[in-house]
Amino acid sequence: MTPAPFPLARPRRLRATPALRALVRETTLTPSDLIWPIFLMQGRSESVPVPSMPGVNRLTVDRAVEAAREAASLGIPALCLFPYTAMEHRTADCSEAWNPDNLTNRAIRAIKDSVPEVAVMTDIALDPYNIDGHDGFVEHGEIVNDRTVEALARMALAQARAGADILGPSDMMDGRIGAIRRMLESEGFQKVTILSYAAKYASAFYGPFRDAVGATAALKGEKKTYQMDPGNSDEALRLVARDLAEGADMVMVKPGMPYLDICRRVKDEFGIPTFAYQVSGEFAMLKAAAANGWLDGPRVMLESLMAFKRAGCDGVLTYFAPEAARAMND
Ligand code: PBG
């Protein structure tokens, strides 16, 4: 048989018009895929820019409530709160972490009072309260596990009492999901959900975040004895299995863009709600290139977010959330 003079299969046919492209698009992105991380600070009616994260501000609690209103109007279902803790509240015993009136807990109550339809997610880890900048207690130069886990459970309970919808343990201690779940069950908070930072890597992409929460100067040493080694992938699956068995409802992979392979493996293996955190360094990188005119900022923003969906994620924590939602709503 002589070969056909022209290709019979022409995949370009389906790329020819916007209508056909829309019809066959496999993955879509909507504002309801986004969780918006915000930084809190003390005071009233103030926002202070974070230099390494253009467009991102630390917000006082009243401004955080305004952000929640903005989220609701844009169709963003959830905010995630990170406190910039004043230096006088950082101690070796980290007791501010479970103070019912700490910045995070005040913000949870204020947001749930005014904008109850927006889900509030929190961060559970000791680093904002720790003079050593670590996610756990430091004893003789080591980050200790079990004592930290007890403290994390107390912290979780205080956040649940304040009205948090989603607890986000980001500390990477062993056994914390089980300890938090047991605490929630025994105190009557059966409905509070846990989005576990199950596969959180010891990454250099967290730099701007540590500036935003004032942890860069405080941090002594590295986090490699608790956060994952970037070379590992099977281990991520073991950690997800472990966290699900201990009572996690959803899991996270963090950072995002450099770890999309992990997102895909987790989704394929478990089929559970899977999120990625497009972290501060990923955001800063795209913003810096856009500011230099080297990349088209709005387009790379949406393309990077679509990548998470395509890799199997149900949603993304991203500092682009309000900007991206506005772009999608246009
Ligand atoms: C710490 C925490 C970190 C981030 C979220 N929670 C930083 C760290 O582990 O040092 C990073 C988020 C980001 O970079 O955007 N518990």
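Any Cβ shown, glycine's included, is placed from N, Cα and C.
For the recorded site, Lys200 (active site, schiff-base intermediate with substrate), the DSSP three-state label reads strand. Cβ contacts within 10 Å of Lys200 (active site, schiff-base intermediate with substrate), excluding its own Cβ and spanning all protein chains shown: 27. Among the features that TrEMBL reports, active site, schiff-base intermediate with substrate is placed at Lys200 (among others).
Feature annotation from TrEMBL assigns active site, schiff-base intermediate with substrate to Lys254 (among others). Secondary structure at Lys254 (active site, schiff-base intermediate with substrate), as computed by DSSP, is strand. Long-range C-beta contacts of Lys254 (active site, schiff-base intermediate with substrate), restricted to its own chain and to partners at least six residues apart, with a cutoff below 8 Å, comprise Ser170, Tyr197, Ala199, Lys200, Tyr201, Ser203, Ala276, Tyr277, Val279.
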